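Novice: This is the structure I want to talk about, given as structure tokens.
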Amino acid sequence: MAQLKVVTRDGSLHEFEAPDGYTVMEAIRDQGIDELLAICGGCCSCATCHVFVEEAFLDKLPPLKGDEDDLLDSSDHRQANSRLSCQLPIGPELGGMTVTIAPED
């Protein structure tokens, strides 16, 4: 389990324990945070689970792959710390990480 912090679009902070083996997307949806649409269900084909990752944790994440990079390129809100939450597996190294849900495109 890892402590995860999620900032929603209205600035609300949600803190909770996320099970190892889940993705950040799955953990957020299990908390009932509905604004993370994740329309494709985690297949890396829609970019509706776009989040901004806390800078200190970027090096602890798996490398950005081609499909994810291409989908993020389609966002008007892409930043250097943009990732798709469906591509971020939860593990102890992510304990304390904050992600912010990106604005809708």
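Every residue gets a Cβ built from N, Cα and C, even glycine.
Just so it is clear, the model here is predicted, and its values are computed rather than measured.
Got these off Swiss-Prot a minute ago, pasting:
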DOMAIN    2-105  domain '2Fe-2S ferredoxin-type'
BINDING   Cys40, Cys46, Cys49, Cys86  [2Fe-2S] cluster binding site
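Help me understand the surroundings of these features in the structure.
Specialist: Following the DSSP three-state reduction, the secondary structure of Cys86 ([2Fe-2S] cluster binding site) is helix.
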Novice: When a 10 Å sphere is centred on the Cβ of Cys46 ([2Fe-2S] cluster binding site), how many other Cβ atoms does it contain?
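Specialist: Result for Cys46 ([2Fe-2S] cluster binding site): 17 other Cβ atoms within 10 Å.
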Novice: Could you break down the residues of the domain '2Fe-2S ferredoxin-type' (2-105) into DSSP helix, strand and coil, giving a count for each?
Specialist: 27 helix, 26 strand, 51 coil
Novice: Under a criterion of Cβ-Cβ distance under 8 Å and sequence separation of at least 6, what residues of the same chain contact Cys49 ([2Fe-2S] cluster binding site)?
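Specialist: Cys49 ([2Fe-2S] cluster binding site) has long-range Cβ partners Met25, Ile28, Leu36, Leu37, Ala38, Gly42, Leu84, Ser85, Cys86.
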Novice: Give me the sequence-ordered set of same-chain residues, not including Cys40, Cys46, Cys49, Cys86, with a C-beta within 8 angstroms of the centroid of the [2Fe-2S] cluster site's C-beta atoms.
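Specialist: Here the non-site neighbours turn out to be Met25, Leu37, Ala38, Ile39, Gly41, Gly42, Cys43, Cys44, Ser45, Ala47, Thr48, Leu84, Ser85.
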